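Notes follow the structure.
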Amino acid sequence: LFSRIHSANQTALRMLDSVRACMKELMYLRWIKFYGKAKVWILLSPALALVLFLFIGGLGFGIAESLNYMPIIGLDDPNLDAYRSIFNDKAFYRSLLLTLHVAITPTLLAVIGALAFGLVLRQSFRGKRFFTFLFSFNLPIPHVVGAIGILFLFSQSGFFARIGHALGWVDMPSDFPILVNDPYAIGIIFEYVWKETPFIGVIVLAILQSIGEDYEAVAQTLGANRWQRFRYVLLPLVLPGVLIVSVAVMAFFFGDFVIPTILGQTYPTVLAVEAVKDYTHYDLRNHPIGVAQALIIAVLGTMLVFVYMYLNRKFIRSDK
């Protein structure tokens with residue numbers, strides 16, 4: 001009996017040791033898994049801390065300044081005067097309409113052009129490589145360079161105006177049609193479309209090449225014509241990728257002030273230009289208005305992006 005009890009105790013001790021070893025192994029594996037996840041955040045923490053500090057700090061100072069809280073110049077009573085001044089000014093609404101125009105119109109035109117060129121360049125034909133190069137050659141060209149080139153070519157004192165005058169098409173170079181610094185932002189839209197159509201087109205072409213022609217072949221065997229194959233087969237497959245890149249492009253257009261400064265008229269101008277003018281004004285009391293306009297641009301741009309995404313997703317769901 002004693003030997004049996006001793007044997008049972010030894011067996012129990014061995015089982016307990018096995019359980020302890022398993023628990024240690026499990027804890028070790030959990031620690032390795034936790035450390036693997038935490039290691040990434042630990043390594044990224046200095047950069048993330050700097051970015052968050054700069055972003056949150058800048059946003060906090062911006063909100064405080066937009067509320068007329070600038071103790072350094074004697075503004076220590078927070079209020080909404082800057083926002084009231086903006087929303088009570090009719091020029092703000094003219095600038096808002098112009099900003100929406102130069103953000104939405106070139107985005108739609110660039111998407112349409114990118115889809116058209118993508119559908120053409122996905123086909124096999126002689127000289128395809130050369131035409132693909134021509135389509136995408138302006139990708140590395142900065143927006144500022146493109147804007148200055150358009151100004152030199154299409155302004156009333158530019159190259160085409162002088163050529164038109166030399167050929168007798170216009171009496172004076174100043175009679176050339178106003179295509180830059182015009183009230184309809186034709187020059188701005190032209191530059192945006194010229195620059196961003198290849199950018200979106202490269203994405204479209206990559207998506208089309210990854211899709212292949214199997215879906216179209218199946219639709220064709222079911223009796224779908226060319227338009228139906230594009231409308232109900234290719235477009236729903238391409239649109240999600242186009243949506244992502246077009247949202248980024250439209251957000252850039254909405255907040256850009258460089259191109260409207262070069263190619264736009266002085267009044268009314270887009271909101272970003274107005275914000276920069278007020279913020280760089282020699283009178284520091286205009287700074288809150290400039291910062292408030294910048295914050296309004298950020299909020300409106302975010303809302304516009306969400307509306308654009310909602311409409312596109314609704315369109316995709318309706319296709320499905």
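Including glycine, each Cβ sits where the backbone N, Cα and C put it.
Annotated domain 'ABC transmembrane type-1' per TrEMBL: 96-308, in sequence order.
Here TrEMBL flags 40-64 (among others) as transmembrane segment. Sequence-distant contacts of the transmembrane segment (40-64) (same chain, six or more residues past either end, CB-CB distance under 8 Å): 70, 78, 291, 294-295.
Annotation comment: TrEMBL describes 98-121 (among others) as transmembrane segment.
Among the features that TrEMBL reports, transmembrane segment is placed at 133-154 (among others).
Among the features that TrEMBL reports, transmembrane segment is placed at 192-211 (among others).
For 232-254 (among others), the entry in TrEMBL reads transmembrane segment.
Residues annotated as transmembrane segment in TrEMBL: 289-311 (among others). Residues 62-63, 65-66, 82-83, 85-86, 92, 96, 99-100, 103-104, 243, 246-247, 250-251, 254-255, 271-272, 274-281 of the same chain lie 6+ residues outside the transmembrane segment (289-311) yet bring a C-beta within less than 8 angstroms of a C-beta in it.
Sequence-remote contacts of a segment are chain residues at least 6 beyond its ends whose Cβ falls under 8 Å from one of its Cβ atoms, and for the transmembrane segment (133-154) they are 117, 121, 160-161, 179-180, 187, 190-191, 194-195, 198-199, 201-202, 256, 258-259, 262-263.
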